[in-house]
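As recorded in TrEMBL:
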BINDING   A:Lys106  NADPH binding site
BINDING   A:Glu191  L-homoserine binding site
ACT_SITE  A:Lys206  active site, proton donor
DOMAIN    A:351-425  domain 'ACT'
2 protein chains.
Amino acid sequence: MERVIKIGLLGLGTVGRGVYRILQENQESIEKRAGVKLEVKKILVKSLGKDRGIVIPEGVLTTDLADITSDPEINIVVEVLGGIHPTLDYVLEALNQGKSVVTANKDMVAEHGQRLFAAAQKNNCDLLFEASVAGGIPIIRTLKQSLAGNHIEEVFGIINGTTNYMLTKMTQDGSDFQEVLQEAQAKGYAEADPTADVGGHDAARKIAILASIAFNSRIPLHQVYTEGITKITADDIAYANELGYVIKLLGIAKERQEGVEVRVHPTFIPKNHPLAAVGDVFNAVFVRGNAVGDTMFYGKGAGELPTASAVVADIMDAARDIIRDVPGIIGCTCFEEKPVLDIGETHSKYYIRLQVADKPGVLASIALVFGNKEVSLKSVIQKEATGKTAEVVLVTHRVLEQNVTDALMDIKQLSSVLEIANVIRVEGEE
Amino acid sequence: MERVIKIGLLGLGTVGRGVYRILQENQESIEKRAGVKLEVKKILVKSLGKDRGIVIPEGVLTTDLADITSDPEINIVVEVLGGIHPTLDYVLEALNQGKSVVTANKDMVAEHGQRLFAAAQKNNCDLLFEASVAGGIPIIRTLKQSLAGNHIEEVFGIINGTTNYMLTKMTQDGSDFQEVLQEAQAKGYAEADPTADVGGHDAARKIAILASIAFNSRIPLHQVYTEGITKITADDIAYANELGYVIKLLGIAKERQEGVEVRVHPTFIPKNHPLAAVGDVFNAVFVRGNAVGDTMFYGKGAGELPTASAVVADIMDAARDIIRDVPGIIGCTCFEEKPVLDIGETHSKYYIRLQVADKPGVLASIALVFGNKEVSLKSVIQKEATGKTAEVVLVTHRVLEQNVTDALMDIKQLSSVLEIANVIRVEGEE
């Protein structure tokens, strides 16, 4: 008896087209591996007439959501529309109609995960979202299943391809932020309004999702400390290189006794760290578990086919669960409530670049302030700049962020300090 | 209602102890994540009295297999004995008694996979073996589930930690094979009889398993071309470095129109390849899928806790399946029969090091032979050696292996060629 699972697709943009293509092109092996035939019965689009560069059989496209959510033959709804409104309502409707849902929507999962999981659980459906973080890299299934025996201590990684492309370029060419941004926009790697990427907000949603799974505690997006790469200069990149580091925009989540740290910011990491070699638009996620030790997962974090690869894997899992009548076999795992620590309560090393007056005693006065605030220094570089100014670059030992913030408040008051040019956290070394 | 799944452990060596420890130490989170309490009811050991450095409650240890396989309360049997006899019989007995089986045994899975899967299917049980390849790296679940929507084109990687440690040391210190082997043995990284590791046989079993899953076609172990690292010298390492490569022992599996290539051998890979940075005892597996593109999975390939991490994840999956009454939801996927190509039918680039007489015309005569056999050369280095001999190092373009073999047969006959010192395949670049 051949069993067919029918799918409703919400959206036929880049990822939707990729999902449709993979289901067609790899049809035979997908059917054998899933143990069931998968068929896209309906696709919700805004306009029936638009040319999408792909042949869709007659009658499959629809502009009416009810053609999908009210069709009892459709068991799986795949959401690749993006955005939150009206997408969230569509997805809740699908779950309430008893459809398993596969989504690639990080915004929706990060901000409304709780409502979505509650609806999935109530209706005994799968809610799968592998594609929402790091595109084709199977990090969510890895955390939920493959590393489930571990106490996860840290998850951190490069989870935004646009900014990784830009930082890679800046490192290779010594070019400045604005220049590289324009190049990335010309290549289609950065949006016309690049705020979500370069401001770190895209990465914040993804690390909120990863941290929630890793620590079994829902991390509200507004509690993720978020800092983008807009202040990174060619000078910072050059100093990083001189000091043995590269600069990456990292999403970082760590569990400590007092609570969890969840943050996104540009980060110095040692050149020999596995993440340092991850260039261009590639993503990689580093996970440390108490049993497995250090692991890393690398691949393309975006794009039509890599993202669709993750969506199709979720569809296959959902289909298997439906045939065996066990949807929801792996559901929400946020069964704890751990406090999210304020950024002032986190610990890190810090790279600090200061513009100072080029006169005797400046360094001593700066060092004194740091000492008073219990910030111990690991290395100091002083360089002459133009005319009467000099540049001081410090790297601290591992210290409490609040102490650094307090020290910098006092340092700003020093008459010989002209500017705190940049402060960047250092991670990935003992 | 609290549900408890009871486990029988076969063996309490390094990995068995790790499994027991993780199940104890991470008990609370494992119970919440699996949705069920896991309890080790019985452990099969050879001797009850031996001190294993771990406290086991009274009555848990047994020397009688039947205490496990005939106990209807035990639903999951975890095999961490190793070896094939009598382990295979024990595991078949467990499956035939309707127990799901989790194993870390690459030898058994690679050589007797077909019988084991048939027994699992017949008895409607899970047969899970994540720990059998690359220790803590979740590569099997990744291939079976997360990348299941892809047509997998290539899987290759560093899947033997001992040899990777040795090659890393040889590269860092310029030391010779024998010297490093002794050091590895002293550190416990290599066995007293190191043949399985340095001869490539351990890696061959693992790549046979990975290829079988990736290509959905059972790869018999005897069809895996296997070459170890015993012939690698400090000279080869130095030439690799000079030419922009590092030497790694790789397991390689590629699908081509004509069939599949499955082989283990020392390999030149470019220094900027993600696998090149994988040092010491770490493992990493590179997978190329037609949708996801290039991905890589990195972690510890052996050791008590990393291996146990994979075993425990499998136990949790098996437990979930048992509670939901769906064991075997993801079973054997070898539903095709693809021919395994002979090594002569494979394509690669080749590094070839020759000892020749130091006189005019030698290089020309060598180049002529290669040309006659359609082996085109990419680069040639000639170095003076002691007295009247010189060393010629060639790197070919991508060619058919049989042509290289034929050319070398002819080259051996040239009176000016004293020795074919080494031939090493080059992979990981276009």
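The chain as shown is numbered from 1 upward.
Even glycines carry a Cβ here, placed using N, Cα and C.
Automatic prediction, not curation, is the source of TrEMBL annotations.
Mean model confidence for the domain 'ACT' (A:351-425) is a pLDDT of 94.
With helix defined as DSSP H, G or I and strand as E or B, the domain 'ACT' (A:351-425) counts 24 helix, 34 strand, 17 coil.
Long-range C-beta contacts of the residue listed as 'active site, proton donor', restricted to its own chain and to partners at least six residues apart, with a cutoff below 8 Å, comprise A:Lys106, A:Ala110, A:Ser132, A:Val133, A:Ala134, A:Ile159, A:Asn160, A:Gly251.
Annotation for A:Glu191 (L-homoserine binding site): same-chain Cβ neighbours under 8 Å, separated by at least 6 residues, are A:Gln185, A:Asp197. Secondary structure from DSSP puts the residue listed as 'L-homoserine binding site' in coil.
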